[in-house]
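A short worksheet on the structure shown next.
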Amino acid sequence: MKLRYFVRHLFSIPQFLGAAKMMSFVSLLLIGIMFPAIQGKQFTKCELSQVLKDMDGYGGIALSEWICTIFHTSGYDTQTIVNNNGSTEYGLFQINNKFWCRDNQILQSRNICDISCDKFLDDDLTDDMICAKKILDKEGIDYWLAHKPLCSEKLEQWHCEML
């Protein structure tokens, strides 16, 4: 009797494990289909210079100042998220969820840019630049704390030859 019990359970365990693995795979597949990954990008200095070239001179800020500021703010990585003093900053420009965008963390966000914060994590910088210009218009370049101490002079290293 004990032998039958042992044999029966010996064969049922792998079947159970196989079914569990299959269910896990199916669950992950469905999650991947329902929630596609955000396609972020780690830019190089020259790639980012090319994308942001229309911001050169906007509000009196040179492109090299933007490139330097973004490097010190997010390291040219669109998927940078920083939690800071009870709020969160998103993307290349580190746009704050208390004032400029909405997420599920701060229900009373002013959402001045009228956009979901996760839009700042993808590789399309169009909405990021629009919001950054609004921030610049309302707050000035010193909104980005890295600018004044690190990016207001000696900007030669931040230049890139444009094609």
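Just so it is clear, glycine is given a Cβ too, placed from its N, Cα and C backbone atoms.
According to TrEMBL, the domain 'Glycosyl hydrolases family 22 (GH22)' annotation covers 113-131. Residues 38-41, 51-52, 54-55, 78-79, 81, 88, 90-93, 95, 97, 100-103 of the same chain lie 6+ residues outside the domain 'Glycosyl hydrolases family 22 (GH22)' (113-131) yet bring a C-beta within less than 8 angstroms of a C-beta in it.
Residue counts of the domain 'Glycosyl hydrolases family 22 (GH22)' (113-131) by helix, strand and coil are 11 helix, 1 strand, 7 coil (DSSP-based).
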